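One structure below.
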């Protein structure tokens, strides 16, 4: 056992309690959190339930005692007789009242006090999402903080002999691990630890008064804003209908809400056995259901409408209702099937367990490389994410779920992980007897790792194991991997699952194919925490409950009778004659396989499954019982052919929860409902607005990012007294939409517009866009922010915010504005606007010499996606930067305004600073590059990156920095500590979204808040209702960002495929970003993509990694062209993908000749049809970056080869790969897949010159 494990084990024996200062987690975070220990995975949950049950019984007894005492006192007062013995007793014993959370009377006044927990919504309870605690719960309660060891039952659901940790002890262990790293000379992160002893004066001799679980609320604690008695009645969305309803906006039934199908007494629970449900009436309707009477159209608005608010993940129940989960049934459930997962803890108990520090709440993020593993982000409660090892510990949680996690000793989890990976290797070895073993510290799932033996104090890439199911293990037993015979002499047969040649790993073929999809289907590589034997996770845990799941989620994918892993061995895995299950493979790799009952599949699917192999379907998950390895779901609709461009776009929208049917007329689904029209403004409502319509006085120009709709306008005026006036005007959309109306509810449901190169999904109906868009000479109602600036310094002297009307003189698209600004001779008017924007930017990053370009476009995209989409995600024009900087200033001004007046109710936007461990890793990487700038503050970090002169290096470092940062989030001020309001990437202390109400619903909320401030009227919205809205807007905004990125990737793949249509691949220059022992990452600037070059895809003899100097040496087979090379294990047609057919037909020399010839003749590589398509979309065709050799006598291929660093030692042909080096690579697109992929290879520099 490792040193860490011994430390933790010794610590569990200590009699004294230990406390660690919390790092965040909400406005009511605890000062100290106790620790508990256990010996098996299920023991603590049993103890919890027993304690809660006993505590409630104790509270009932105390309440009865209190009533009896009160009756005795009343009787004594009436009779005038006092019993001296009773009097003395009464002076020393005052029974505790029942905790309001457990009152049987749901209408008790105590339910609205500090102890109340709203059950009408999700992700709005600070006890869940912000890990909120009562500061006084533990400070005077040492009995509850003591260590406990009980005789545990056998661990039937998980791993035996693992210790559980309270939040406090987990932080202590993490701090010790960090301290050891620092003492060893490694860059790390310090964790603040406070050793606090429990107050001895609070100790009691009686267990009844000493232990209170959960503790009673402190009568003297401060007012809690989240649960104030002043709050209005609970929020209901949509509101009750008043009068006639002119639309068919119908709430979705619970059978279509994933979060409503769990633990619901009216439907099969998530823990239920699906086989036992066959006798129940079928509640799941599907368009493919083979019962005509129940057929429904799942494309209708009524059916697919996700709920307007988040719904509670589990139905509220008394805590005793889940005791059956831990009954004496052993390994079997009530139906006799083996339980594969642990049942969830009852929802009613979890808030108090979180308050006690026994559980932590957070958002689960699936490890895309190994989908059974995951990480949980705790929103600041911990200084690092929690590692979840294996599907059992993940316990059926999905990407984006809000989960409750019990922390475990890291060493125990890590040892278990290593044992499982070794077991996996042995099982794979039964089918692969000629392979060389990996070192025990190697990562089975990642050939980009750096082991302790070769890393020389460098962090490795993530590793994780899959302790999954019998089915998954059987799949891995059947994996086979053969390698190039040219290097067989280098190794000897052993018992292992992955072959190694020096530092070069050989992945199984199925793993290669999986990596192609994981790495190839995104623009940038997705990285997780860097962990290995030397740098273990700081925290580990297992999921004990899913608190909330985003409702109404849909997934696109393909349908088959066999699992994808079985299809590779289809000869030996023929489907049964009458299969009961079809397998739905989601396009999103983070979503598990979904079992679809064949009766819900197309009618002829079983007989003609091959006919549907190229079809895309939409499915949803309905349940996931503890007895099943996979979730069960239903098919919602058939999208169409997998190669159809329209189907591809629809698939992206469905995967990201945009159905685009909110405004459609049910009578004519091809059109929007004609009754959706903006409310007209009366003359009286316009009178009190400030008037900016005089075109002689105000030269207002509107900005149209897309060229046809405008919501933002500017004017600049010289006041003549040494000041300038900058007016910023935003369309007053909410004046035209009644709050709570049908349009308002539908806009809230859509929440965000989606901007893709191929398609636009607006937030509002088209009639609103046409009517409300700013236009020259058209008077429009706006909300304005007017700054008075000093003419010389451009500092703000005063600010006016209010309602207004404007009449723009002109309208400019971003392209037109950029053209005027980039000509070098813009008008003085536009020059003034540009200089004001530069001044705002310089002050924002605290750099007086700052210029608008270059900009950190990736960091800025963490807050908001682009409206004018480019094919390269890194592209930013000067016009875009100028307008965006002014908008940021307006947004921050409005944020200050509403927060000053509304306080806790203000809807704001923040971005948390990166997790300390991720920032330490980033700092280590840039130090390896030779850069060492300050990373302690956002402004210094931004300035440090911007000062890098080399564009490729600067962008490369920005990519690495981008991966350390979370996306910005909406929040309600009263739910977050004020010191966490800041927006890190923008370096602003307070921020919100205000300037885009025609594409973001969050701006509608801010507009209404601002109007309440302007008119000095009470803002009556409930804080909990605002919390629901903010969380839903966060979810849909992230979906909109992902949809945009996937659509860009789709079009980029199409473009690259077209450019390389003649040769199958492109040859271009790339910059090396990171080097590992078996692979390296490259960045291709002209396409804005980052990809990984795998050593086992190249004709290499071996590879050697120098961890000290960060150099990877590739030992090439001379004369073998990597452009036409196919590894031996991929030559079997059944072992690889059809998408690479004809991709290796041209040699590297032919590719180089064609590219350089076309460049010399100024001929485009792209075809005319695609060139026209991109031109119509206002997109620029990428230009390949080709080498420029001074020696004109070199042929085309030699020009590329001359950029490499090579040497020949004896018979070894070696290429050196350094970080930040520019090397030639081969790029290809694979478009015959549900989502196309981009893959890269390195060019072999040791080929015959032709």
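A Cβ is built for glycine as well, from the same backbone N, Cα and C atoms used for every other residue.
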Select, from 40, 430, 742, the one residue given the annotation phosphoserine by Swiss-Prot. 40
Which one of 183, 441, 804, 1162 gets the tag phosphoserine in Swiss-Prot? 183
Per Swiss-Prot, which of 366-391, 392-417, 418-443 is region 'Disordered'? 418-443
Check the candidates 104, 202, 491, 496 against Swiss-Prot and report the one noted as phosphoserine. 491
Looking only at the domain 'RNB' (694-1015), report the model's average pLDDT. 95
What are the DSSP helix/strand/coil residue counts across the domain 'CSD2' (582-657)? 18 helix, 28 strand, 30 coil
